């Protein structure tokens, strides 16, 4: 039988949408804005780094980062993010959400700035410094995933909880868009001030000395939005669910939420004491009870996020290579170094503006209407369809007259990634696990996603190379080509659709109802949580 809910938690579940909801979205969302900016800005800079530091005298093409360096520069932040998600997810359940929240933001501010500095100008020292600071930047970013999702889920009301969590995640879209806009402004300014010929005209002068400032400014800009929200993060009270259900401090929970909601809330210390003495809800992460009650749920959230991020990060981090392959971006030799940054940034900004950002906000609008399960299943389905539609007639899309059609189809895969599993895989793990394990389980799910992102970042880099050894980038072994890589990503999306059936539907239910924390009768609770929504 369901236990009578604490008044403070019921007040949160039934609260009308108020200013504090939107304040929490902005405070938590700015962290995600910074996360996305920092993770995706690097893809705008890798070609420039290759021209500056790996120029080969007399080469027909501009310098490119060697395979090992390119994969490290692109993927090291993802490795750091995975580590941060596991560590800070665990720490958020041990120390509390608020105490850990400031740590992650401070790391992000410091390491964003440090990413633009290097000890010396020799290429090995520059790349080593960049990789070092981007690893720790990723570590801070990783902590933001479980903490932001958990804080927003525990602050939100039951009716619009999905939209609020999705809105936090949707700030990622603005971060991706802003990285493109900043790169456009910086590259256009430098190109205007230090006009340079194309590489084919003059290889040396095509990369002016001032180009070294361009990538540094773009990366360092990520510190600004994070620094602006630090003060407000520190003013947020601890969530009532952590204070009441984990810290067992009913009085503090009631006091904090009474101030936030501007209503009188009874402390109910005796009821909290009864809950704390119930051993049925004290199982650990590695217990048989957790495996029985939430094992399939954790498998569902980790597998779908893993598969989604293989496709999503492959598409995002290497879309510049796809655009070059179909001729939307001119051959590198026909551009100067800074002009190439501008062209790549323009292409990525258009994709973000027309498909990525709208996709996020479609999820915000519909997630509490049609549910998480339907959106995730639909997103994976259309990602699969459009990926195969691009891959199977790939030669058709590479023809000059058809490349606009390719861009539209490619954009639709981004739209349905974001109006689909890229948002829901973030939302659901924050809703279905117990309060004392919520941040940890979200961190595990997110880390599985970043493992997929690492597979995508490193794997696609090599796989997308031409099967013809004469057409590969310098230093790369032959791959399977863009077409076959897109087919692989289509299969990955299909597997994600299948694994979605392991994920429960939390729409319209309280967090305690989903996690089983409000149950007193164990026989009853085993029949409450279905794997597939009805």
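Even glycines carry a Cβ here, placed using N, Cα and C.
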Labelled transmembrane segment by TrEMBL, one stretch among 163-190, 247-274. Can you tell me which?
163-190
Using TrEMBL as the reference, determine which range in 404-423, 464-483, 504-523 is annotated transmembrane segment.
404-423
Tell me which of 69-88, 129-148 corresponds to the transmembrane segment entry in TrEMBL.
69-88
